[in-house]
Amino acid sequence: MSAPVQETTEQAAQRQKPQSPRRAVRIGICGLGTVGSGTVNVLARNAEQIAARCGRAVEIVQIGARRDNPACDTSALNVTREIFDVAANPEVDILVELVGGTTVARELVLAAIANGKHIVTANKALIAEHGNELFAAATEMGVTIAYEAAVAGGIPIIKSLREGLVGNRIQWLAGIINGTGNYILTEMRDKGRSFAEALAQAQQLGYAEADPTFDVEGIDAAHKLVIMASLAFGIPLAFDKVYTEGISGISSEDIRYADELGYRIKHLGIARRTEQGVELRVHPTLIPQRRLIANVNGVMNAVLVNGDAVGPTLYYGAGAGAEATASAVIADIVDVARTLEAFPDQRVPAAGVAPGNQNGASVLPMDEVVTSYYLRISAQDKPGVMSQVAKICSDQGISIEALIQHEPAEGKALVPVVILTSRAKEARLREAVAQIETLDTVEGEVVRIRVEPLG
Ligand code: HSE
């Protein structure tokens, strides 16, 4: 063993000398809507604490905003309508992209990267659809892209996946990652509202995206899911491969039957690692009422992540809103600021996988996915219907695990028959449903909702 090296007096003095404060990190914010205004407000309110934690002050040197009336005080700030000026401003270290959309936002971010700026963004569509290209550009320029605010608002799920769970092989994750959808399903269940009424209410409260089909048809959730899956499984972003089904077909009747069976209907984004490939799917799902995540209601988000070492972990919080999202934007600004002078390879990698690496990118086709199913069949109240349905299922290797059939309502010829099936491949189940729909005794389409035990 070598002898300990003796510290010289000069070295000790150097060590004890108070460090001179590091210069402020200079940010440029593009977009002053809900999240932009929230970010300006929280940065001002908590400036001292943020500077202490960051080891340097955070200074807003320029704001690019194309519209008036922000919900924050900009009187002392340098505001321009030309957002591309922010990307070119030599004073800016970090460009905070909060303009939304994918066209201008992509050009803005690429311009800023080309000018050597780090990026913080809350834009899930941008990362999900163009992330592979943007990460490659950032790597080339030795800058980073931080996007905590893109997924589940204020919940630090990106940091958890990338850092907190880094020692795990993540097996699956499942999340309620669209607050609007969760609000609608909760209102339908708790207040008996129709889908349309609950959606109108969510829009009034400002939860829904500009185009609410992004929320109710699962596109917003699909954006967030691919970002999490990329980090969890170390695969490239594959937005075009996500199976996406919305909640517009869910009825109050199904919510009641699910309750009767001991389940809740939630709109989930699910990513699972299998031998054959990665499952990437967004759809309404029956989950057992006893699971914590089944009790996440209203506009709240939650993500359940199952790692081989840690087991199941649950992250819960506000998935949208000005200050909740600002919380994540500022966490990213602080993270980037802390490593501003570091070499690129000393930073936590931004992407789930090195640009250009396609390993593990194979996504399992939906036909191969195995789940259980809730089926609701409108059948005539005649002898033999149940045995016909049971035979079709059994011919496809599917067994019936639970069944509800109440007496028909007075004067009604049709009765709803509700079935929970065993686990089966999607293709088998689809074939069984197609055959059930051709029976003379069955009317209309069979309602089908996937079931996940999440345990
Ligand atoms: N419309 C989104 C939601 C906002 O309802 O969750 C945050 O992405």
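Cβ from N, Cα, C; glycine included.
Taken straight from TrEMBL:
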type	residues	note
ACT_SITE	LYS224	active site, proton donor
BINDING	CYS30, GLY31, LEU32, GLY33, THR34, VAL35, GLY36, SER37	NADP(+) binding site
BINDING	LYS124	NADPH binding site
BINDING	GLU209	L-homoserine binding site
COMPBIAS	1-19	compositional bias 'Polar residues'
DOMAIN	374-451	domain 'ACT'
REGION	1-20	region 'Disordered'
Near ligand 1, which of the binding-site residues LEU32, SER37, GLU209 are found, taking a Cβ distance under 6 A to any of its atoms? GLU209
Where does the residue listed as 'NADPH binding site' sit in DSSP terms: helix, strand, or coil? helix
Other than CYS30, GLY31, LEU32, GLY33, THR34, VAL35, GLY36, SER37, the chain contributes near NADP(+) (Cβ within 8 Å of their centroid) the residues ILE29, GLY38, THR39, ALA65, PRO70, LEU98, VAL99
Inter-residue C-alpha distance, THR34 (NADP(+) binding site) and the residue listed as 'L-homoserine binding site' (nearest angstrom): 12
Average pLDDT across the domain 'ACT' (374-451)? 94
CB within-chain contacts under 8 A for CYS30 (NADP(+) binding site), separation at least 6: GLY36, ILE63, GLY64, ALA65, ILE83, VAL86, ALA87, LEU95, VAL96, GLU97, LEU98, VAL99, LEU108
So which binding-site residues out of GLY31, GLY33, VAL35, SER37, LYS124, GLU209 end up within 10 angstroms of the residue listed as 'active site, proton donor', measuring C-alpha to C-alpha? LYS124
Go through GLY31, GLY33, GLY36, the listed binding-site residues, and name the one with the sparsest Cβ surroundings, counting other Cβ atoms within 10 Å. GLY33
Through the lens of DSSP with three states only, how would you label GLU209 (L-homoserine binding site)? coil
Could you state the whole-number distance in Å separating the C-alpha atoms of GLY33 (NADP(+) binding site) and the residue listed as 'L-homoserine binding site'? 13
DSSP-wise, what's the residue breakdown of the domain 'ACT' (374-451) into helix, strand and coil? 23 helix, 33 strand, 22 coil
